[in-house]
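The structure appears below as C-alpha cells.
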Amino acid sequence: MLFYFELVVILLCTKLAGDISVRLGQPSVLGKLIVGIIIGPAVLGIINSSELIDELSEIGVLLLMFMAGLETDLEELNRNLKSSFAVAAGGIIFPFIGGYVTGLLFGLIQSHAIFLGLLLCATSVSITVQTLRDLGKMNTRESTTILGAAVFDDVIVVILLAFVMSFLGTQDVNITLVIVKKIIFFVSIVFIAWKVVPWIMKMLVPLRVTEALISAALIICFSFSYYSEMMGIAGIIGAFAAGIAISQTEYKHEVEHKIEPIAYAIFVPVFFVSIGMEITFQGIGSQLWFIIIMTLIAIFTKLIGSGLGARLTGFNLQSSISIGAGMVSRGEVALIIAANGLTANLLAKENFTAIVIVVILTTIITPPLLKKYFV
C-alpha cells in the first residue's frame, strides 16, 4: 500500500516541478531532478528507495534511450562517427587526468587516485536526451554526435575498468574476454538489427491482440537491453540500439507515437526522482571541499575535453561547447562504476558517499548548461 502512495507523490510532484521549471525558463527535467532530492531521504524523507522504485526507474531510463534511438538519424550518426569518437576520447583523457591529479592532491593512494580518474571518464546521456527533447533539439548534428560519443565512451570505459580492476583491484578479470565480448556484441547487434528485427516485427504485428505493435517493440527493446547487460555493456546502449533498429522499419512513427505516453506517464518520472533520491547529506562535512573540487573538475574536464574533440573535427565554438555540455552528466553509469570500486577496495567508503553527490550534481547542472549553450 505504501508503494501506491509513493507513486502518487512521485507523479504529482514531478509534473508540478517540471511545470515550474519550464515557467522559470529551464528544461522540465531540472525540476524533476530537484524534486527527487526534496522528497527523498536527503530532505523530507517522504520517498525511500525500494526494489519496486528501482525497477520502474530502470524501465524508465531504458524507454528514454529507446525513444532516443527511434529519433536518431542513422545516416547522420554514420557521418559523425569520427566526431563522436573524438568527443569520447577527449571526454575520457581530460577527466582521467583531472580525477587522478585531484585524488593525489587530496592524499589518496595511487590505486584509488587512478580509479577516481576512471570514474570521472563515465558519461550517461539519459538526462541529456531528455533535456534535448524538452528543447526540441534531438534531430541535430550535435545531438547525434553526443549519442554516438556516449556509445564509444561506454565501451572504452568498460574496457579500462576491466584493466584497472584486473591490475589494481581484488577481483580477477579476464581482459581478453572483456574485449572479445564487446566485439561479439557489436557485430551481432548489427546483424540482429538489420535482419532479425524486421522479421520479428512482421511476425508479431499482425497478431489479433490489442497493441501487438507496441508489445513487439517493447520485446525488442528489453531483449536488446538484456543482451547488452549480459555482454557487459550498459543496458541503455542496448535500448538505444533497439530504437535505431526499429527506426529503420515502416513502424517507426507509430511506435514513437505510442511509446512516449507509456514512458512519460509513469516510468520516466520515477527515473528522474530516483536519481535525486541517491543524495544523502549525512557525514559530508569532512568531505565538503573534496565534493566541491571534484564537482568542478568533473564538469570542466568533460566540457573542455569533449568540446575540444568536437572543435578538432569541424564544429564551431558554440556547437563544441554544447556538445561538451551534453557529455557532463555522469548519471547511473558512474554510480555503477563507483559501486564496483567500493567492492574491489579501489574506493574508500567516505569517498564513495562524496562521489555519489558529485555524480548527482553533474547530472543536475547538465540541463541548465544545455539550455544556455544549445542554440
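One is the number of the first residue shown, and numbering goes on along the chain from there.
Placed from the backbone N, Cα and C atoms, the Cβ positions cover glycine too.
If you look up Swiss-Prot, you'll see 27-47, 89-109, 112-132, 145-165, 183-203, 204-224, 226-246, 261-281, 288-308, 350-370 marked as transmembrane segment.
Residues 68, 72, 77, 80-81, 83-85, 87-89, 91-92, 114-115, 118, 121-125, 128-129, 171, 173, 175, 178-179, 182, 186, 232-234, 237, 240, 306, 309-310, 315, 323, 326-327, 333, 337, 340, 344, 346 of the same chain lie 6 or more positions beyond the ends of the transmembrane segment (145-165) yet place their CB under 8 Å from a CB of it. Below 8 angstroms of C-beta separation, residues 116-121, 123, 149, 152-153, 156-157, 160, 290, 293-294, 297-298, 300-302, 304-310, 324, 327, 348, 351 of the same chain, each at least six residues beyond the ends of the transmembrane segment (89-109), sit close to that stretch.
Listed stretches 27-47, 112-132, 226-246, 261-281, 350-370 were compared with the transmembrane segment (288-308); the greatest number of C-beta pairs under 8 angstroms is found for 350-370. If one looks beyond the transmembrane segment (226-246) by at least 6 residues along the same chain, the residues whose Cβ comes under 8 Å of a Cβ in the stretch are 58, 61-63, 65-72, 74, 77, 124, 126, 147, 151, 154-155, 158, 178, 181-182, 184-185, 189, 192-194, 197, 201, 217, 220, 252, 255, 332-333, 336. Same-chain residues lying 6 or more positions outside the transmembrane segment (183-203) and placing a CB less than 8 Å from one of its CB atoms are 155, 213, 216-217, 219-220, 224, 227-228, 231, 233, 238, 241-242, 244-246, 248-249, 251. Outside the transmembrane segment (261-281), and at least 6 residues removed from its termini, the chain residues within Cβ reach (under 8 Å) are 7, 10-11, 13-15, 29, 32-42, 47-49, 53-54, 56-61, 63-64, 67, 126-127, 130, 214, 331-332, 335, 353, 356-357, 359-360, 363.
Listed as Cβ neighbours of the transmembrane segment (27-47) (distance under 8 Å, sequence separation of 6 or more from its ends, same chain) are residues 6, 9-10, 13-14, 16-21, 53, 127, 130-131, 134-135, 269, 272-281, 360, 363-364, 367-368, 370-371.
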